[in-house]
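Trainee: Among the features that TrEMBL reports, ATP binding site is placed at A:30-37, A:146-149, A:V175, A:183-186. For A:H37, the entry in TrEMBL reads active site, proton donor. Taken from TrEMBL, the feature beta-alanine binding site applies to A:Q61. Marked as (R)-pantoate binding site by TrEMBL: A:Q61, A:Q152.
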Number of protein chains: 2
Amino acid sequence: MKIATTVLETRNTVKNWRKEGYTVGLVPTMGFLHEGHASLIKKCREQNDKVVVSVFVNPTQFGPNEDLEAYPRDLEKDKALCESLGADLIFHPEPSEMYKNPKTYMNIEGLSDNLCGKSRPIHFKGVCTVVSKLFNIVSPDRAYFGQKDAQQLAIIKKMVQDMNFDVEVVGCPIVREEDGLAKSSRNTYLSDEERKAALCLSKSVKKGMEIIKEGISAKEVLDEMKKVINQEPLAKIDYVSMVDSLTMEDVETVDRDVLVAMAVYIGKTRLIDNFSFEVK
Amino acid sequence: MKIATTVLETRNTVKNWRKEGYTVGLVPTMGFLHEGHASLIKKCREQNDKVVVSVFVNPTQFGPNEDLEAYPRDLEKDKALCESLGADLIFHPEPSEMYKNPKTYMNIEGLSDNLCGKSRPIHFKGVCTVVSKLFNIVSPDRAYFGQKDAQQLAIIKKMVQDMNFDVEVVGCPIVREEDGLAKSSRNTYLSDEERKAALCLSKSVKKGMEIIKEGISAKEVLDEMKKVINQEPLAKIDYVSMVDSLTMEDVETVDRDVLVAMAVYIGKTRLIDNFSFEVK
């Protein structure tokens, strides 16, 4: 497995693979890899001749009061995991390699206004920009994203369509701890007490999945879900919402495919979880 | 020479060329080709194995009160010219092939605020977006743009750098009529009388080139240039400006490489012209 820190080295490596006729998959990550990432890398390994994992804590997707500095990093552990899963290349650039007095950005209207975009106004602009850059650097056949970041996945699918990227976007299911908590690099912020409290997210998701059905009102589902979270004293809801799976706009009734998503503060740590429901 | 109207056909054609090891050049145009475009196609023909000319009047770069509908079109003439210059493929999509309920856009800060960006606020957002799409569809080795649209050229160079497009941007000199008028598809809007009046742009450029020198104030150069234009009763200045060649920000003194650019209304037709000056 190779580690590249420059755009040029990454590009040249991929170009040489292309000459040999290999297909290339990309797993974009911010590192501190957990089993959620591992599931993406495994899927990528199955579907492509060559596997690229990018490890880059992207500064442009963090707001001024967010956790850019605190975001956990452990490159040695990430390397070992990628190696064990059969990755061929880690792209691990410094911020200065990725951003040189940047003026250009990719952004998306509508899909980024609701849910996480509401509390993190510049987040998806940063995500769209860095993912576009990674696509241009690696030019992968396929790219892998977790369903845990459901709004991100919907936005990237739309971006790929709108901008004619020649990349297949593959979404992969949420990976959970045994007790239900969705795997996240940010779980490392939680104290023991908070770790227990954080279970209210997955419990709320479970409750929502039990009661959702075609024709039911969003309010009925969301009220039950919020009740579960509000029983937990350490939890503070950022949002619990039901949106159209494609447009990310609020829906009032389950009459189409929907995403039911939440962001909840456990102490100072903001966690997300979600589930999708398809109308037959 | 092939004519493709869909993204898929264009992409597949280029992919087949790539398999053969051919290099590919792209000349993005809005059609109604003149000798300015011809010079781009010729340069592209010299430097690449395969030449793609896109002919697409891009709606997203026109403001609501601009000349999208009136913009001249003549595909048959364009085909003949491209064929005669040895182009391999014309990509000529309908707007509905390029834009399907689009939400995503590319934009650039700073470089698009001044000059044409001031009078055409959404113009460069549309340009950046469509050029990105064309790059993703054609994935050219090189792309060719005229120096007449100097701000566009500077913006696209910066966009390519910022977004890591693997494309070499080649700028080509302004092509002029015998009497000096810069070639433009919009010259076709001019009446006989306006056609004569339009010479004030190139005369003003010529005056500026005569007097510019390192250390001179921008005001001194621009005042002389404006005087030339203001002698023409049919002309109305939109802007005559001197800017830093890289940042497109106004400069007060010629102490670095500068672009001296103008937009002038001749009757209802808005024409542009410019020259660059390099400090030794």
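The backbone N, Cα and C atoms fix where each Cβ goes, glycine too.
Unlike curated records, TrEMBL annotations are generated automatically.
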Trainee: Just how many other Cβ atoms lie inside 10 Å of the Cβ on A:S185 (ATP binding site)?
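Mentor: By my count, 19.
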Trainee: Out of A:L33, A:G36, A:H37, A:S185, the recorded positions in the record, which is closest to A:Q61 (beta-alanine binding site) when you go by Cα distance?
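Mentor: It is A:S185, whose Cα lies nearest.
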Trainee: What does DSSP assign A:H37 (active site, proton donor), in three states?
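Mentor: Reduced to three states, the DSSP call for A:H37 (active site, proton donor) is helix.
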Trainee: Counting only residues 6+ apart in the same chain, whose Cβ is under 8 Å from the Cβ of A:Q147 (ATP binding site)?
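Mentor: Listed in sequence order, they are A:L153, A:G171, A:C172, A:P173, A:I174, A:N274, A:S276.
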Trainee: Under 8 Å Cβ to Cβ from A:H37 (active site, proton donor), same chain, six or more residues apart: give me those in sequence order, or none if nothing qualifies.
Mentor: A:V27, A:T29, A:V53, A:L81, A:G146
Trainee: What is the one among the binding-site residues A:M30, A:L33, A:V175 whose Cβ has the most other Cβ atoms less than or equal to 10 Å away?
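Mentor: Top count of Cβ atoms within 10 Å goes to A:L33.
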Trainee: Round to the nearest Å and give the CA-to-CA distance linking A:Q152 ((R)-pantoate binding site) with A:G36 (ATP binding site).
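Mentor: If we compare the Cα positions of A:Q152 ((R)-pantoate binding site) and A:G36 (ATP binding site), the gap is 15 Å.
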Trainee: Which of the three DSSP states, helix, strand or coil, fits the residue listed as 'beta-alanine binding site'?
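Mentor: The three-state answer is helix.
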